[in-house]
Amino acid sequence: MIEDVVESLKNGNLTPEDYVEKTYEKIERVEKLIHSFITIRNKQEIIDEVKKNISNKHGKLAGVLIAIKDNISTLGIRTTCASRILEDYIPPYDATVVEKLKSEGAVIIGKTNMDEFAMGSTTETSYFGPTKNPWDLERTPGGSSGGSGAVLAGGIVELALGSDTGGSIRAPAAFNGVFGLKPSYGTVSRYGLIAYANSLEQIGPMAKNAEDLELLYDVIAGEDWRDATTISINKNEYKRDGSSKVDLKNIKIAVLKDILEASEKPVTSAFNEILDKLVSEGVSIDYIEFKLAEYALPAYYIIAMSEASSNLARFDGVRYGYSAHYDGIWKDTYGKNRGEGFGIEVKRRIMLGSFILSAGYYEQYYIKALKVRRLIKDEIDRILKQYDFIASPTMPIIPPKLGEVVGDPLKMYAMDLNTVIANLAGVPALSQPIGFYNNLPIGLQLMGSYLSDYKLINISKNIEKISKYYNLTANI
C-alpha cells in the first residue's frame with residue numbers, strides 16, 4: 001500500500017537512496033523488455049526530490065514515485081503525446097493534476113508511452129515504438145495509456161496517471177491486471193491535458209489495488225477555475241457518501257446482455273465466475289437489454305474524430321513542434337509539417353473528422369451522433385436509477401498479439417465496444433482484474449451513476465477481497 005511507503009520514508013525505515021535505487025534497478029531490468037516510458041528522469045534528481053518531499057510531513061504522497069502519461073503537461077519535462085510533431089516539446093507549466101500531485105509530495109519519475117495523441121487501443125501507434133505487455137511480451141498492453149498500465153504490471157512503480165477518452169485507462173488496466181478509474185466527467189481538471197476529444201476525455205488514476213486508486217483519485221479530483229468543465233462539489237461530503245461501508249446484500253447490478261454477447265469465451269467465463277461469487281455474497285444481478293449498444297461505437301467515433309480534427313489543427317510546426325522547414329510556400333510547409341509530423345492513425349482520424357464536419361455531412365453525421373449520445377446518456381441514467389452499477393467485461397477480448405489489430409482500424413475500434421458508453425454518458429467507470437486465461441489478465445468493468453466515483457471504488461474494494469486479484473505483478 002502507498003500509505004506504507006509514505007510512512008516508511010517519513011520514519012526512516014526506507015531511505016530515499018534505497019527506494020530510488022531499487023526502482024531504477026527495476027527500470028534497468030524491465031524497461032528494455034516492455035518499453036513503458038518515453039522519458040525517464042535522472043536518478044540523482046529523483047533522489048534529491050524524494051529527500052526534499054519527505055520533509056513535507058502532511059503530504060499524502062510524500063516521496064512517492066509516480067509515472068505520468070505523456071499527454072499530460074509537466075513543467076520542464078518533455079511531453080510528446082508519443083508524436084513526432086511534439087518530439088522535443090517541453091511545457092512551460094504543469095497540468096493541474098501534476099500541481100496537485102506535487103503539492104502532496106509525489107515525485108514524477110517519467111512520462112509513459114501511449115498511442116499517438118491517445119488515438120489507439122494498443123499503444124502501437126506511438127512514434128517511439130510499441131509498449132509490450134509484461135504478462136506476455138508478444139502481446140499488447142492495451143491503449144492508449146498502455147505505458148501507464150505496463151509500468152504498474154512490470155513492478156516499476158505503484159501509481160500512474162492515464163487519460164480516458166473511450167476506454168484508454170480501463171483497457172490497459174484490464175490487459176495488465178491493474179486497477180483504473182475513468183472519473184465522472186468534470187470531477188478532475190483537464191487543464192494541461194493535450195486535447196484529443198474535449199467532451200469525452202478525463203484524466204484518471206491507475207494503481208495496483210483499490211485503496212491506492214482511491215488515494216490517487218482523492219489527490220487529483222476537484223474544481224479548477226482553469227477548466228470550465230469542472231464542477232463545484234463538497235469533496236468531503238462526496239467522499240463520505242460514497243465511502244460508507246457497502247452492504248453487498250443491498251447491491252443491485254445490471255448486466256447488459258447486448259454487450260456480453262460480443263465477448264470471447266475466456267472473457268465471458270471469468271466474468272460469469274465473479275458474478276457467481278457476488279451472488280453468493282448476496283448481490284442481486286439482472287440481465288437486461290440495451291438496444292442502443294450497436295450505436296455506441298459509431299456515435300463515439302464520429303464525435304471523437306470531429307473534435308480531434310479541430311483540436312489538432314493547432315499543430316502546424318510553425319510556432320512549435322516538428323518542422324520540415326519553410327520552402328517558400330506556407331501552404332506547402334503546413335502540409336509537409338503535418339504530413340511528416342503525424343502518424344497514420346492520427347492522420348486518418350483528422351481526415352475523417354474534417355469530412356464529418358464539412359458542409360453537407362455535418363448534420364447527416366455529427367448532429368445525429370450527438371442525438372444518439374443523448375439517447376445513450378438518458379438510457380444509462382435510467383438504468384442507474386434502478387441499479388447501483390452496470391457490469392460488463394472491460395474488454396471483449398484477451399490482449400491481442402502485437403500487430404494483430406493495429407493494421408485493421410475497424411477491428412481495433414471494435415475493441416472499445418464495452419468502454420465508450422461511460423464516456424458518452426459522462427459517468428464513472430472502473431476496471432479491476434478478476435482472473436487470467438493462459439497467464440493473460442481479464443478485467444471487470446463497473447459503471448456507476450454520475451458522481452458515484454467513491455462508491456464505485458468502495459465496491460471495488462469488496463470485489464478485490466472476494467476475487468483475491470490485486471497487487472499483481474508480472475513475473476518478468
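In case you wondered, yes, glycine gets a Cβ from its N, Cα and C as well.
Feature list (source: Swiss-Prot):
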type	residues	note
ACT_SITE	Lys69	active site, charge relay system
ACT_SITE	Ser144	active site, charge relay system
ACT_SITE	Ser168	active site, acyl-ester intermediate
Surrounding CB atoms that lie within 10 Å of the CB of Lys69 (active site, charge relay system), all protein chains: 31
Rounded distance in angstrom between the Cα atoms of Lys69 (active site, charge relay system) and Ser144 (active site, charge relay system): 9
Secondary-structure category, per DSSP, in which Lys69 (active site, charge relay system) falls: strand
